[in-house]
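Written below as structure tokens is the structure these notes are about.
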Amino acid sequence: MSDNTSASNSDAAKGGSLAKTYQPADIEQPRYQEWESKGYFAPRGDGDPFCVMIPPPNVTGYLHMGHGFQESIMDCLIRYHRMKGDQTLWQVGTDHAGIATQMVVERLLGAEGKTRHDLGREKFIEKVWEWKEHSGGQITRQLRRLGASPDWSTERFTMDEGFYEAVQEVFIRLYEDDLIYRGKRLVNWDPALKTAVSDLEVISEEEDGKLWHLRYPLSEADGGPERYLIVATTRPETMLGDTAVAVNPNDERYQDLIGKTITLPMVGREIPIIADDYVDPEFGTGCVKITPAHDFNDYEMGQRHSLPMINIFDDTAHLNDQVPEKYQSMERFAARKQLVEDFEAAGLLEKIEPHKLKVPRGDRSGVVIEPYLTDQWYVRTQPLADEAIKTVEGGDIQFVPKQYENMYFSWMRDIQDWCISRQLWWGHRIPAWYDADGKVYVGKSEADVRAKHNLGGDITLSQDEDVLDTWFSSGLWTFGTLGWPEETERLKTFHPTSVLVTGFDIIFFWVARMIMLTLYFRKEVPFKTVYVHGLVRDSHGQKMSKSKGNVLDPIDLIDGIELPPLLEKRTAGMMQPQLKAKIEKQTKAEFEDGIAAYGTDALRFTYYSLASTGRDINFDVGRIEGFRNFCNKIWNAANYVLMNCEGKPCGENGESEYQLTLADRWIIARLQQTEAAVIEGIETYRFDLASQALYSFVWQEYCSWYLELCKPVLNSDDYSAEQKLGTRRTLVRVLETVLRLAHPFLPYVTEEIWQRVAPLAGASGETIMYAPYPQADASKADEQAIADIEWLKEVITTIRNIRGSMNISPATKLPVLCKGESTDDQQRLSANSQFLIKLANLESVTWLSAGDEIPPCATGLAGDMEILVPMAGLIDVTAEMARLDKEIGKLNNEIKRLSGKLGNDKFVANAPEAVVAKEREKLADYQTSLAKLNDQKAKISSLA
RNA sequence: GGGUGGUUAGCUCAGUUGGGAGAGCGACGGCCUUACAAGCCGUAGGUCACAGGUUCGACCCCUGUACCACCCACCA
């Protein structure tokens, strides 16, 4: 960093030379501020509308690698379309994230020893808003660091006023259309958060558990307690709420018991033995205890058999007063322990077996979810889902990659009603009121309800205490953000939106619900394409998680971080010292010197290079360094171009005569191919292919070859002024074009350089963001130039190869002799000798005529042409023999393979003629080459 | 129990209608060659998971197997 101070970079901004080395930290933030303050991100013009909705991140969240990836993809699409001249909107906003946000604030209160109930609802909500104001800017600030270019002027929040309107409107209309109802049924209850959650918010993982076999004695009248049957259960504590025991109706063992009763141990309640097909006679004992109020299957069975439902828990999963006094107020797992002991003491514990089972846990709280009988609001999803299925089947919405449609269909076809009420305080309050009798009225406000239903002042109304599931409001995101329920211009212009970029993990939570709700309220799709990307994992394919200590923060990759703060970050709040030690060790091993500051452009380019077809992304920090180097490469190439072109005519005004060299024509032709490849990559969401095309063009073609080919032209008197002008013109124009081509991927470095280069290329405009996106021009495809330069590259590479394997110093200028029958070769050689001499560092290059005396030489082949490097004083005979043998070996293998193939009559008879001809030609070429090398070997060996 | 994706160089991954296996990083050797040592030049490295099949010809198409990852499902 020593000689690349920020001072030198600010000089650059004033028009001095670019800083010697690429320093992203010096250019990125100032550039972003300029873009934002000048309002460049807002939609403009009257081109085709193109609109992307950001999946709203949690308002109080922070940016992780998944966001980084996703926003980078969106920004690339947005910048591409903006440059294409489309009327481009990237709608930004944040989500109130009901449970997540409320939990954070409750935790803060907890630190002060308070609960939300100490504050009361109103004060608590105030507190959440405060927290939102305080920390809510973080995620959007971080988004800016990524160079994201959404229209900040229309930023939305899922609990802003407009959204409140939209949410109410949707709720009321769905209610009036009988698509929302309220009902008492078994829901997934989170006893830590004390709220219902939807099926999707329950994660079932296999865990080690036990299967307790309990003896249930029959009633005395039926032969108990001597006669008993054995039930197997994973949750003994629920037995307090049992209201039946079920057996399979065809189970011969228990035929005589059906209809008899059991005296429930510890409780004394008489419960019937019933028969039901659901029971699998093979599992356990074939007898199942039935707890209708605390198990989804038992609930259904309870309904089929009209069993009583006894709710034994309170909302924190402690036992209530429906159980014997001994157990009241016990926590569920304590009660389990107690009951097992009591069963054992009573001689009623048959056995305990280890058992693997799926344990349902809340995705937020992590505690075991309890099926719990409560009143909740539901969306009747079937009719909505039917339409949503048809729409995707009909192709009006396309998933990329397509296989995610299967996932969507399978979920949609088996969809359950959606529980939308949450017993939280932070969220959209349900617009429903109850009178003293519990009769429900739905409307925009109490006044509205009173007016609509003619309710006088004597009737007391109270609003429903619950709020809506967060996804209920984010389901309206595409049209809610554009002004709905009002029919705004924005809505008309940008809806349906163009592409949704999202992770597969929220296809059900969000994508499916947006499709259902949007179709219902807009009669149109929310978006035409869903681009589904994978999860960002660590370099070994492990999920990034706090407990694994492998989390990378995108901001740290941009700004860099020293080892100590990185360690601190990764182990903060770690309760287990063992885990902490392990994470420290592994972090030290991986990031001995911390993480370098790579800058946003490098980070973005890494994401693109890893974004292939919908699979998960393994993020390797090693790769970002390579792409930071790539940015540096562009930077230095630009420096070189400026050095040679600034202050000299470059054809920017189009008035002077210029002439293009072969190299110029070649790089222009290759540029057309690159433009086509990059555009193809973006249009097909193959950002990996697009970035690959850019990378190899810039580095291999433009820098490694073209800039080198320019040097003889610019530095030698052998080229005319017209040729020099043509080369300068091409240098700046290709660079200027490639900057525009790369801008959606590398927004900062391209803008920074473009500001300097554009004038030389005759381009104007205040920002590269509004410069036109390059389009391939077929008239500039120059196959001849490409073939000629390929030939030249082959000759040069062959000479370099000889130099390399013979250990000849790069500084030694070599005399080279060429020999061949082809006049093409001879012409190409004489036309390009300047290039050849410079790039291969030759003393001379001579075309041999028949009969010329040939000294002992090292030999290489470029096509048919022999390239000879005289050995005198340079080349070791043994080494050259070895080199030739290697080449000869390769040729022999190929010849063997090809003659085998061509010797096969079936191949010759069946394969297309063109294929056969091609193979024959290759064989002939190889044989010629082989003969030449063998000749050389013979000559050399005589020297040994 | 159903379903999806994956298995290609030491690592991370491309491979377009079936016709001579590629990139980046890493490794090795040589270079401070006047844009760039964050660089330049060159080299090595693969039974394309396994087994069958179709075909003149298979990384590619078909069948099966193994392993990895993920999604869905009510087995007490």
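Backbone N, Cα and C define each Cβ position, glycine as well.
Curation plays no part in TrEMBL annotations; they are all automatic predictions.
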Would you mind telling me which of A:57-67, A:563-573, A:849-859 TrEMBL tags as motif ''HIGH' region'? A:57-67
Have a look at A:488-492, A:543-547, A:818-822, A:893-897 and point to the one annotated motif ''KMSKS' region' in TrEMBL. A:543-547
In the domain 'Valyl-tRNA synthetase tRNA-binding arm' (A:876-940), how many residues does DSSP call helix, how many strand, and how many coil? 61 helix, 0 strand, 4 coil
Mean pLDDT, the domain 'Valyl-tRNA synthetase tRNA-binding arm' (A:876-940)? 88
